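Read through the structure below, which is laid out as structure tokens, and then see the notes.
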Amino acid sequence: MNLLIMGLPGAGKGTQAAKIVDHFNVAHISTGDMFRAAIANQTEMGVLAKSYIDKGELVPDEVTNGIVKERLSQNDIKETGFLLDGYPRTIEQAHALDQTLTELDLALDGVINIEVDPNSLLERLSGRIIHRETGETFHKVFNPPADYKEEDYYQREDDKPETVKRRLDVNIAQGQPIIDHYRRKGLVHDIQGNQDINDVFSAIEKVLTNLK
């Protein structure tokens, strides 16, 4: 079974990816892991990627696509299937993935799209606060401190609402064309992410069991 998982930051994609890999015994192919392995093994694409990373530059699409192709060419993929997580990030990468799968005689069986309302995600992701003296982490809504005084707490730049909103907006702008692309192929299965973690996985499990 060859799968792709998608979802906005904070939607629980990483948690559900781990559950899918564990339950269905497919290879978990995440962008970070692929890059680390390719660089450690000094593959052709890994060496190229490292040259950009060492200069503090973004790795070009053709190198990222090449690293994905190297990983999908490995023997375990035909035996176990895979779950792609964190790739493709752009519609151009999605088209490159289509071409790679065709060249390797592979095909996607399904795209799991974890849907959560962006406003809920904004509240979830921008609520983290840190106590100035102890460094303890709390959440304004889900785990508020008993003795909250605003001056005793601070937020990291990454957690500020305007920063989180920008990140969500970028992810929506990049992700929606990819979802539309796979929806036209009849591959997308929408899963409601605004529920208990185990309920989300039950919904995914039901979809994937029917795909097998």
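Start at 1 and count along the chain as shown; that gives each residue its number.
The backbone N, Cα and C atoms fix where each Cβ goes, and this holds for glycine too.
On its own chain, Gly12 (ATP binding site) has Ile114, Val116, Gly193, Ile197, Val200 as residues at least 6 apart in sequence with a Cβ closer than 8 Å to its own Cβ. In the three-state DSSP scheme, Gly12 (ATP binding site) falls into the coil class. Annotation source Swiss-Prot lists ATP binding site at Gly10, Ala11, Gly12, Lys13, Gly14, Thr15, Arg128, Thr137, Phe138, Gln195.
Nonlocal intrachain contacts for the region 'NMP' (30-59), taken as residues 6+ away from its ends with a CB within less than 8 angstroms of a stretch CB, comprise 17, 66-68, 70-71, 85-87, 89. Under the heading region 'NMP', Swiss-Prot lists 30-59, citing sequence analysis as support.
If you look up Swiss-Prot, you'll see Thr31, Arg36, Glu57, Leu58, Val59, Gly86, Tyr87, Pro88, Arg89, Gln93, Arg156, Arg167 marked as AMP binding site, on the strength of sequence analysis. DSSP assigns Glu57 (AMP binding site) to coil, not to a helix or a strand.
Within the chain carrying the region 'LID' (127-159), a Cβ under 8 angstroms from the stretch's Cβ atoms is held by none of the residues 6 or more beyond its ends. Residues annotated as region 'LID' in Swiss-Prot, with sequence analysis given as evidence: 127-159.
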Message = Mean pLDDT across the region 'NMP' (30-59), rounded to an integer, is what?
response = 86
Query = Sorted by position, what residues of the same chain at least six away from Phe138 (ATP binding site) have a C-beta under 8 A from it?
reply = Arg128, Ile129, Ile130, His131, Pro144, Pro145, Tyr148, Tyr153
Ask   = Once near-sequence residues are set aside, which residues in the chain of Val59 (AMP binding site), 6 or more away, have Cβ atoms under 8 Å from its Cβ?
value = Phe35, Ala49, Tyr52, Ile53
Task = Using only the Cα atoms of Gly10, Ala11, Gly12, Lys13, Gly14, Thr15, Arg128, Thr137, Phe138, Gln195, which the record gives as binding ATP, return the largest interatomic distance in Å, rounded to a whole number.
result = 23
Ask   = Among the binding-site residues Arg89, Arg128, Arg156, which residue has its Cβ surrounded by the fewest other Cβ atoms within 10 Å?
value = Arg156
